[in-house]
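Marked as active site, charge relay system by Swiss-Prot on the basis of sequence analysis: Ser348, Asp468, His498.
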Amino acid sequence: MKFNQFSYIPVSPETAYQELRSLGFEVSLDASAKANFESFVRKYFLFFEDTDLALKNWIADPETDLLSFFQSDRPLTAEVFGLVALQLLGFVPNVDFTDSVAFLEKMAFPIAFDGSLNNLHQLLATRTQSGNTLIDQLVAQDLIPISNDYVFFNGKSLATFDTNQLHREVVYVETPVDTDKDGLLDLVKVTILRPNVDFPVPAMMTASPYQQGTNEPSSDKLTHKMEGDLLVKPAGKISLSRPEIKAPEADLTPINPVTKAEERFAHTDTYTLNDYMLARGVASIYVSGVGTFNSEGFMTSGDYQQVLAYKAVIDWLNGRARAFTSRSRQHTITADWASGKVTTTGLSYLGTMSNALATTGVDGLEMVIAEAGISSWYDYYRENGLLVSPGGYPGEDLDTLTEFTYSRALLAGEYLRHQKDYEAYLNELSTDIDRKHGDYNQFWHDRNYVQFADRVKATVVFTHGSQDWNVKPINVYQMFRALPKSLEKHLFFHNGAHVYMNAWQSIDFRESMNALICQKLLGLDNGYTLPTVIWQNNQSEQTWEVLDNFGHDNGKHIQLGKSEASIANHYEEEIFAKYGKAYQSFKDDLFMDKANAITLDFELDQDIQINGRVHLELRVKSSTNRGLISAQVLEMGDKKYLAPIPAPKRMSLDNGRLFKEEALRELPFKQAKYRVITKGHLNLQNRKDLLSIENVTPNEWMTIGLDLQPTIYKLNKGDKLRLVLYTTDFEHTIRDNSDYEVTVDLSQSKMTLPY
């Protein structure tokens with residue numbers, strides 16, 4: 001374990017004293033460091049009447065138990081403090097460590113001992129081996145009572161709300177859209193978990209089309225075949241118009257108003273970051289949206305109709321939209337329990353809706369936590385004029401996702417009433433996505449949130465993984481860079497895949513969100529400042545660093561070679577079939593120079609930290625009137641790399657007081673032969689830009705530029721890079737087995753590493 005503490009807020013000795021005393025620690029500004037430490041440690045043993053016995057079972061140094069130390073006249077030293085602090089944090093001498101000084105240094109222990117109360121204050125805010133901070137562990141053990149009111153420590157809310165006596169209610173919010181065109185504004189189901197209190201509370205809202213269930217069997221039937229010809233597209237320019245996202249004014253006329261919801265629920269799937277804050281006084285709201293189980297409308301999949309329907313829930317929390325107690329629309333109900341302040345949460349589609357909601361500039365949305373979210377749907381399903389499936393899902397497209405999330409059809413009565421109209425709508429959508437050509441068009445433009453980044457007012461927190469080939473890093477990169485310069489924004493850029501990071505051992509992400517939520521939603525003047533970019537170092541285990549930005553302008557140029565080389569697109573049928581059935585076998589062969597590719601190896605002559613988009617400038621020609629080029633950059637070398645999927649450790653992370661416990665996780669640091677750094681794909685007809693389609697003349701040289709997926713990746717002098725240039729990618733692109741070649745003039749081609 002390593003400590004990476006970004007949530008602690010430095011305080012004055014007076015504040016440290018006041019907060020420690022308020023929690024029942026009998027410390028004094030006049031007492032010695034040793035006396036205060038003894039009082040602190042004795043308080044830790046909440047379940048012991050005889051704390052002497054507990055102290056006797058701990059040690060102050062290899063020769064002295066802790067009780068004997070406190071009874072002696074020896075002063076408290078950094079060594080004793082450190083050894084006892086380790087035991088307080090759950091580490092066991094002679095098991096987890098033998099040399100406490102070396103162990104503390106290896107773990108980057110964040111507290112510099114000076115004997116002050118600030119040391120004890122920071123120790124409470126430090127994570128234990130279980131993943132909980134020491135103060136959260138003690139509160140879960142009833143250090144302070146459940147009060148159903150806010151208690152803050154170090155600018156963060158503690159788990160003082162009763163999660164056994166929550167309000168669990170359902171309302172149906174009236175949206176400003178009629179997506180199924182039945183003449184009625186669509187209602188969306190809102191599932192609410194909130195503390196049982198008599199004062200207004202803020203809310204964490206998760207907009208998830210998956211929340212009420214999915215229609216996987218129907219979606220699987222629509223999965224597209226990836227085998228086919230790369231078509232020649234007519235040359236020309238693509239024209240677009242700016243989407244209109246203005247909603248009509250809401251009708252706020254009450255109808256037989258009531259103050260109590262009539263629908264309850266026993267269980268719903270939740271996000272543990274929401275659970276963590278629910279125990280700390282923030283309501284948790286889940287909204288599936290239009291076209292989902294027990295909501296109305298059709299699934300419009302990423303357009304601003306879908307977004308405005310989610311926005312209506314935030315409007316309802318602020319008195320600007322109506323909600324009904326049931327879909328019969330007989331009684332309206334107001335959110336009289338809500339303060340109106342909201343943060344959105346969730347990963348993938350959920351993070352996508354966070355991005356989209358932020359661009360509406362809706363009042364009340366104070367903060368957005370967008371985890372691995374899409375910022376432009378074209379960049380999820382397409383790339384540079386090509387069909388490019390999200391990693392791990394070849395053959396998926398927006399029509400299959402629409403079918404997957406249209407859970408309204410799981411209700412047989414709804415299926416009976418609406419399926420015919422829905423299928424007509426889905427057929428139209430399937431045409432609009434244009435799988436034939438892979439070009440950007442108005443359909444995709446209507447689902448590009450980046451163009452409205454200037455409307456964002458909320459504080460934005462992003463998380464994204466360098467190994468996320470599902471929602472690829474271009475999505476966070478372009479949104480992060482497009483936001484107004486005056487806006488407060490933050491990015492946690494880790495080395496995982498498409499994964500949550502709130503339960504990781506190495507970083508206090510949820511505590512950082514607690515501090516920020518208290519500041520933005522509860523109005524707590526805690527002085528908390530979160531760095532702009534927090535990056536997980538790819539060369540070390542559990543190591544995080546602060547960076548100034550994502551994307552740098554400096555570039556190191558690497559000439560690709562001195563000759564020409566060719567890529568054969570065609571495979572023998574047996575190999576082509578094998579790769580199509582198991583794309584991982586293609587990747588294995590590709591990276592080991594066993595597939596159709598140009599493989600180029602380079603040894604770095606300097607240390608470099610890639611930060612941004614690796615750029616390829618290639619001089620190429622195709623033997624036919626079409627073609628595509630794919631590229632991947634890898635670090636080669638048999639050594640330890642961070643694996644992309646977090647491994648569970650133990651079921652030790654508590655989100656309240658024995659509430660919604662979950663497994664602690666971390667990216668394993670494992671031996672491997674290589675690590676993919678970045679990748680990219682380009683249709684040669686889109687070599688100029690995304691909106692320009694040009695002819696490809698057979699055997700005529702072209703200069704193309706290809707920006708690969710953005711990343712942050714550290715390399716040392718002597719490290720070996722491998723650039724692989726190829727055509728068909730069996731995981732991502734159309735599988736065209738035509739017999740043509742792409743030739744690259746390596747002497748006129750280069751790779752630029754941004755740093």
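The backbone N, Cα and C atoms fix where each Cβ goes, and this holds for glycine too.
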Residue pair Ser348 (active site, charge relay system), His498 (active site, charge relay system) - Cα distance, angstrom, rounded: 8
Set of same-chain residues at least 6 away whose C-beta sits under 8 angstroms from His498 (active site, charge relay system): Leu347, Ser348, Ala372, Gly391, Gly465, Asp468, Trp469, Asn470, Val471
For the active-site residues Ser348, Asp468, the one whose C-beta sees the most other C-beta atoms within 10 angstroms: Asp468
